[in-house]
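As given in Swiss-Prot:
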BINDING   I83, E84, S85, H223, E224  substrate binding site
BINDING   S85, K86, R252, G253  NADPH binding site
ACT_SITE  C184  active site, thioimide intermediate
ACT_SITE  D191  active site, proton donor
Amino acid sequence: MQHPAEHSPLGKTSEYVSSYTPSLLFPISRTAKWAELGLSAETLPYRGVDIWNCYELSWLTPAGKPVVAIGEFSIPADSPNIIESKSFKLYLNSLNQSAFDSREALRAVLQKDLSAAVGAPVGVRLRSLDEVAEEGIGRLPGRCIDELDIAVDGYEQPRPELLRCDAGRIVEEQLYSHLLKSNCPVTGQPDWGTLVVDYRGPALDPASLLAYLVSFRQHQDFHEQCVERIFLDLQRLLQPQALSVYARYVRRGGLDINPYRSLAEVAPDNRRLVRQ
């Protein structure tokens, strides 16, 4: 079956437009991917957000002087659509030679266009470089599982059957791995990321979690769907009292994508990690 992104700019030669062009945004419905996971808009078992950070954001003042900022865009996890990443980049590049009366005027335009594209209200922040620099590089709490010894014999498809837990021992902990990798479903390009699991419930075997995450290595899907699949597989296994799954992906084309799915309505930390 043809992937819905096949008609997007992904994998194609594109003209870079330098004047404001909102029509460049290419929405992709979440419905088909939800259906693959047995979900619908009415039955989502999680809350969450997709945080996009843009490091190549620039526009002009009315006097023609360039301005730069770092953009932070928060797309609700239950929005009808996502935005294809290359089209997002092309849209943001179209601002480069466009004049706006103020930073707030641009923020309002971005919020209007992005909300229209995804079909839900999008949070938009335009942050100064000094503000972001003061935050520094984020360090994850919890336990890194990357040094555990595991044997791996398959990389093509996620393997939830690898996951194990101790139903007789209830814990509250955070586990993370920097070894998450999947591939773009259209171009095959690698997507590198860090995956954080925060939960309260039956003790998850960390080696089994690592083996499971490595099984995504040749899997082709968008960032958002990978995180949703991981969330659902862990929820089915653990039946936890609390669960959140957060991926911090390495940037491409000046954008990084950070999907967060949780049983609770909690705003995730958006400080960038060392590879971002």
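Even glycines carry a Cβ here, placed using N, Cα and C.
What Swiss-Prot annotates, mapped onto the structure for a quick look.
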residue: I83; record: substrate binding site; Cβ contacts under 8 Å, 6 or more apart: L25, F26, P27, I28, I75, L114, A117, V118
residue: D191; record: active site, proton donor; Cβ contacts under 8 Å, 6 or more apart: K181, S182, N183, C184, H223, Y249, V250, R252
residue: E224; record: substrate binding site; Cβ contacts under 8 Å, 6 or more apart: R30, K33, D50, A77, I82, I257, P259
residue: G253; record: NADPH binding site; Cβ contacts under 8 Å, 6 or more apart: E56, S85, K86, K89
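Farthest C-alpha pair in the NADPH-binding residues S85, K86, R252, G253: 9 Å apart. When Cβ atoms from all protein chains are considered, those within 10 Å of H223 (substrate binding site) total 23, not counting its own.
Between the two most distant C-alpha atoms of the annotated substrate binders (I83, E84, S85, H223, E224) there are 12 Å.
Neighbour count (other Cβ atoms within 10 Å of the Cβ, all protein chains): 23 for S85 (substrate binding site).
In the three-state DSSP scheme, I83 (substrate binding site) falls into the strand class.
In three-state terms derived from DSSP, R252 (NADPH binding site) belongs to an extended strand segment. Sorting the binding-site residues K86, R252 by the number of other Cβ atoms within 10 Å puts K86 first. For E84 (substrate binding site), the count of additional Cβ atoms within 10 Å of its Cβ stands at 22 [all protein chains shown]. Shown in sequence order, I28, D50, I82, F88, F222, I257 are the same-chain residues outside I83, E84, S85, H223, E224 whose Cβ sits within 8 Å of the Cβ centre of the substrate site.
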